[in-house]
Amino acid sequence: MGLLVDGKWQDKWYDTSKSGGKFERQASKFRDTVNSDDNGTFTVESGRYHLYVSLACPWAHRALIFRKLKGLEAHIDVSVVHPEMLDNGWEFKDYPRATEDKLYGFDYAHQIYTKAEPEITSRVTVPVLWDKQTETIVNNESAEIIRIFNSGFDALTNNHDDYYPEALREEIDTINNMVYHDINNGVYKAGFATTQEAYEEAVNALFHALDMVEERLSKQRYLVGSQITEADWRLFTTLIRFDAVYHGHFKCNKKQIADYPNIFGYMKELYQVPGVADTVNFDHIKRHYYYSHTMINPTQVIPVGPEQDLMSAHGRESIE
Ligand SMILES: N[C@@H](CCC(=O)N[C@@H](CS)C(=O)NCC(=O)O)C(=O)O
């Protein structure tokens, strides 16, 4: 774990000393887009872009789901880091379902960042959308990468499925905001808190938000009505990790997702959408968190459970 300062890797854990024990996530640095405008830097082309991910990471997982659902696998290839993130940050090393760095053969993900910008000061996070032509990072913010994938390549793929439809944008943005702060990032705020107060504040907000989601999903099939939107996929990648990791490792243990009948059924329904289960890898997920965060789990022992049949009937058909 560490970060790049003036292009040099420094091994440092998150500093919570100036924020009263609270974990504060930094803003992503590369925020460009891909579009069909011929004058733009990053134009729509098959094979031009590359996606760097971890199968463990909920933010990278969003991008993998959108790549799958939008038929982009033939157009955007992927390199997958090793699940353990230790002194050198994310690495490319031999491991089942991990890959080498398919573009440069680098050993470390931080080399991708310094390839883009030699003197960079930044955390080294995944996902990264890379442009092979200009050899730089287009975007390293998952919320934006999924928007690019949602519609940016439609002319190429002829897949016009829209997870951010114009008419629902306001509601999607409102839900995303709550889900991001209290759930997606909420589990990290609980897990990385270094004071009792900061931890309790995060855990209470998290379960309050989950209770609200449970109530909402008792009346409607998806977060924003009767169609699956971006808001659902953004929530899904946290839900699917919850019982396996966040409940124990991040001490989010008031309840499991399996204790929420509506959320659990909803999560299973999303898991069963064709192609999605292939993007979920519990080995990478559990190994990453339990093995990498040695200040939370110094023995690096990885729990065996939970045993859950995610392909069992989700029972959501009767809800409109
Ligand atoms: N805002 C970013 C966050 C991505 C992120 O934090 N990824 C984690 C893995 S789950 C990471 O790479 N962390 C390394 C670090 O913080 O140094 C996004 O959504 O793309």
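The backbone N, Cα and C atoms fix where each Cβ goes, glycine too.
Note that TrEMBL annotation is computational and uncurated.
TrEMBL lists Arg123, Val124, Thr125, Val126, Glu141, Ser142 as glutathione-binding residues, and of the candidates Trp90, Trp233 the one it assigns to that same site is Trp90. Of the listed binding-site residues, namely Thr125, Ser142, the sparsest Cβ surroundings within 10 Å are found at Thr125. Take the Cα of Val124 (glutathione binding site) and measure to each of the recorded positions Cys57, Tyr188, Tyr246, Tyr289: the nearest one is Cys57. Taking only the Cα positions, the spacing between Tyr289 (site 'Lowers pKa of active site Cys') and Glu141 (glutathione binding site) is 21 angstrom. In the vicinity of ligand 1, defined as a Cβ distance under 6 Å, the following of the recorded positions Ser142, Tyr188, Tyr246, Tyr289 are placed: Ser142.
Among the record's glutathione binders, Trp90, Arg123, Val124, Thr125, Val126, Glu141, Ser142, no two C-alpha atoms are more than 17 Å apart, and one pair sits at exactly that spread.
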